[in-house]
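Asker: The structure under discussion is supplied below as structure tokens; questions concerning it will follow.
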Amino acid sequence: MSQNPPLLRPDLARARVPDDARPGQPRIGMVSLGCPKALVDSERILTRLRAEGYAISPDYTGAEAVIVNTCGFLDSAKLESLEAIGEALEANGKVIVTGCLGAEPEYITGAHPTVLAVTGPQQYEQVLDAVHGAVPPAPDPFIDLLPPAGVKLTPRHYAYLKIAEGCDHKCKFCIIPDMRGKLVSRPQTAVMREAEKLVDSGVKELLIISQDTSAYGVDWKDRNKAGDEKFPILNLSRDLSTLGAWVRLHYVYPYPHVRELIPLMADPANGLLPYLDIPFQHAHPDVLKRMARPAAASRTLDEIAAWRRDCPNITLRSTFIVGYPGETEAEFQTLLDWLDEAQLDRIGCFQYENVDGARSNALPDHVAPEVKQDRWDRFMEKAQAISEAKLQAKVGRTMQVLVDSVDEEGATCRTVADAPEIDGNLFIDEGFDGLTPGDLVTVEVDEASEYDLWGKLT
């Protein structure tokens, strides 16, 4: 990990947590691993701790105990979590484990029997109880004032906003429903209240996340069956779009009702960005069937065409798995051909690997490692070519960008087509004096590479 647990993983957050403890105030450290959804869990825990009088330590040695929020999605992530726990134990000695890997307490205590407690994902109260047992709180209501938006581990100008927990799908390669349970959507009033506090605190971009964002609210038993209330994500998106910030949707399944979001994205007068992050995973129907995925590749091409017809500037991001058990060369070639036709804007790819507890482990005809690597290389070569062509087409255009960071070499920015950390950047290397993170500025694009753009202020 790092010597500074609150910095988290560099691919998720770069904001430094200040050491602002008063004399005698108990201090807790936090190490957060995994996806943005786990990051939001860490933020909630830290917010609760601050409300109860704890300070957040910027290092192991200054903390009286350390919380490690783990990831258990892949075997490699489990090993990383065990290493982070071991590092925290060696550096501090008092460690509380939570998160997805906490659903397997014996796995953790077998490797690290001296941890103080192990709790599962979203078990905030249990985490707080463990902290109380290790380090009693010392609240001072006249001093311990929280910022209205809570404690955030991302830069101040953007924030992840989790709208639901759990997932009702049963994809064979995924164990998240086993760890996080069935879909449980947050009340829209609670989501909007948090969103308003974030925007009021200076957040310029809200990144909407859950396991299945487009299914938001379908678990509500008393919802109406007509209009926006049939699919509450439509009403929520409409309300979020009025707050004056960029609103970016992640983890969206290509359900038919998603098409109803597109006119809202096409309207430049509101904040819902023309951007969809959709995990298609594959394109061959037989592979999708073996994955138990709730989508068909032929229909998704029709949906993509409809989205682009109604919103020509929409950005489509997706991730795929190559080397899934039973994947033949012909099935993989179908995926490559599908990419040629779909022409997605942002494309990621993973090589399949077994995950303890996943049903896909028992499938026949696992693909050899060297074949998976070859297919990944060929996939990424095509994805890179598509990306480069799309970015070259943007040279000469004028667009609004959000400034993420500024140093002596220039400003690193993002367009509406770029989510933080996972997509590309737009760099300004001239005339950037006076820019600060969170600024929204207009640039003219004058250069492009495979994944990034360069531009100048207009």
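Along the chain as shown, residues are numbered 1 onward.
For all residues, glycine too, the Cβ spot is worked out from N, Cα and C.
OK, Swiss-Prot features for this one:
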DOMAIN    26-136  domain 'MTTase N-terminal'
BINDING   CYS35, CYS71, CYS100  [4Fe-4S] cluster 1 binding site
DOMAIN    153-389  domain 'Radical SAM core'
BINDING   CYS167, CYS171, CYS174  [4Fe-4S] cluster 2 binding site
DOMAIN    392-458  domain 'TRAM'
Asker: Under the DSSP assignment, what numbers of helix, strand and coil residues are found in the domain 'MTTase N-terminal' (26-136)?
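Answerer: Tallying H, G and I as helix, E and B as strand, the rest coil: 55 helix, 21 strand, 35 coil.
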Asker: With a radius of 8 angstroms around the mean position of the C-beta atoms of CYS35, CYS71, CYS100, what other residues of the same chain does the [4Fe-4S] cluster 1 site pick up?
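Answerer: Along the chain, the qualifying residues are LEU33, GLY34, LYS37, ALA38, THR70, GLY72, PHE73, ALA77, GLY99, LEU101.
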Asker: Centre the Cβ atoms of CYS167, CYS171, CYS174, go out 8 Å, and tell me which other residues of that chain have a Cβ in range of the [4Fe-4S] cluster 2 site.
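Answerer: Leaving out the recorded residues gives HIS169, LYS170, PHE173, ILE175, ILE176, PRO177, GLN211.
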Asker: What's the CA-CA gap between CYS174 ([4Fe-4S] cluster 2 binding site) and CYS100 ([4Fe-4S] cluster 1 binding site) in angstrom, rounded?
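Answerer: Checking the Cα atoms of CYS174 ([4Fe-4S] cluster 2 binding site) and CYS100 ([4Fe-4S] cluster 1 binding site) gives a distance of 13 Å.
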Asker: Take the Cβ of CYS100 ([4Fe-4S] cluster 1 binding site) and count every other Cβ within 10 Å, whichever protein chain it belongs to.
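Answerer: For CYS100 ([4Fe-4S] cluster 1 binding site), the 10 Å Cβ neighbour count is 28.
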Asker: Write out the long-range same-chain contacts of CYS35 ([4Fe-4S] cluster 1 binding site), meaning residues 6 or more apart in sequence whose Cβ is under 8 Å from its Cβ.
Answerer: CYS71, PHE73
Asker: Could you tell me the C-alpha distance between CYS167 ([4Fe-4S] cluster 2 binding site) and CYS100 ([4Fe-4S] cluster 1 binding site) in angstrom, no decimals?
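Answerer: It is 14 Å, counting Cα to Cα.
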Asker: Taking just the CA atoms, what is the gap between CYS171 ([4Fe-4S] cluster 2 binding site) and CYS100 ([4Fe-4S] cluster 1 binding site) in Å?
Answerer: 17
Asker: Taking 10 A as the limit, how many CB atoms besides its own sit near the CB of CYS171 ([4Fe-4S] cluster 2 binding site)?
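Answerer: Taking every protein chain into account, the count is 19.
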